[in-house]
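Worksheet for the structure shown next.
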């Protein structure tokens with residue numbers, strides 16, 4: 001089809017689309033130099049014939065580079081460790097943490113699982129027998145948590161942190177002490193005999209009932225065991241630690257409990273203890289010298305009189321200390337019971353995380369529906385799970401946001417006049433921002449930079465807003481710039497205007 005001389009520019013561009021010959025449009029220099037997306041096929045045809053200039057190769061290379069970098073998202077790592085996220089590298093806090101770990105060693109590292117109780121009515125005194133007994137019920141349920149992994153059962157007594165387990169030459173006595181040695185549980189219940197109920201260890205000796213902390217008097221036990229072997233060193237250690245009669249000499253929260261020992265100070269009188277008086281100054285574990293739980297650790301919202309006597313409190317707190325994954329691995333590394341499961345530190349981590357999740361679940365289930373108290377459980381794994389859930393990328397949310405912006409850009413920049421319509425510019429601009437974000441994050445992943453919640457939840461939308469804003473500004477300014485200005489001269493002023 002020959003060129004139509006009636007159409008301006010036909011001699012330059014050769015064959016035009018049929019629409020031009022049937023209905024010749026008015027002369028428009030912008031359309032001749034910059035065909036709209038409505039005539040993209042026409043422009044591509046002219047580029048193929050060599051009658052126009054286009055950057056097909058550059059576009060292809062750019063898309064190829066962006067696509068290749070975006071593949072790096074497959075190896076993206078999300079950082080959820082609080083210390084790594086919030087402690088600045090090389091700061092004073094990081095130096096102090098490193099110093100503490102170096103001086104105390106791995107054996108002093110543990111994880112805390114917390115159980116916090118408050119009254120549903122704000123400001124209510126929680127130092128009552130009823131509140132302490134409900135705290136005991138929840139704490140007891142938590143101490144009995146068991147998980148089954150790798151064909152083995154794991155309870156608190158196996159995974160809890162134990163401070164300074166003594167080494168005894170007599171193998172039988174050493175095994176018995178290892179079974180009985182209590183877990184580190186920081187609780188207000190240790191001011192009472194009921195604190196012994198949280199300790200799940202037990203041992204057996206011929207001719208005696210099962211030995212548990214609820215019925216264990218260390219001094220009497222030493223007298224009976226001394227008939228079979230010499231325990232002078234162990235007896236001296238108990239005296240230095242001020243273990244004494246352990247829990248057997250402490251008052252009972254409920255003196256009517258049939259298991260409450262006769263040695264309890266309030267057993268005979270069956271009189272409820274003075275809770276505030278017993279908790280004043282804090283509580284002690286089985287060792288009065290080395291296990292002192294200050295009031296600040298076990299009580300919250302305290303009120304005192306002018307004599308520093310405890311009057312009331314609004315919260316109770318119990319903490320269960322667990323071994324670190326490395327400690328748990330080292331503890332069972334040579335144990336014959338786990339020789340068949342290919343024991344490693346990753347499995348130790350999985351066991352601890354599984355126990356912590358069930359700990360939170362069991363505590364929440366232990367609360368009666370008509371209770372006047374609120375009990376909350378918190379574990380290290382809970383915090384990590386929260387951070388992971390916040391850091392996970394919601395594909396639906398991100399895709400929805402970009403699709404909405406895509407539709408908005410196309411609609412707002414679309415014009416009935418094809419020469420002035422910039423709908424395809426809006427489409428290309430949003431897609432370019434999406435590719436840029438994906439390529440940038442992919443490059444960071446390939447460089448070994450880890451992501452966090454801000455990277456996955458904020459950055460995609462922040463980059464979309466900033467990138468699209470500049471696109472709208474450039475497109476609008478280009479349209480409003482007078483056509484008498486040379487085509488190439490329009491871009492530099494627009495770029496500087498967008499930067500401003």
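Cβ from N, Cα, C; glycine included.
Bear in mind that TrEMBL entries carry predicted annotations, made automatically and left uncurated.
The transmembrane segment annotation in TrEMBL falls on one of the ranges 355-374, 375-394, 395-414, namely 395-414. TrEMBL assigns the feature region 'Disordered' to residues 1-27, out of the candidate ranges 1-27, 28-54.
Given the ranges 322-347, 426-451, the record in TrEMBL names 426-451 as transmembrane segment. The average pLDDT for the domain 'SSD' (394-500) in the predicted structure is 78.
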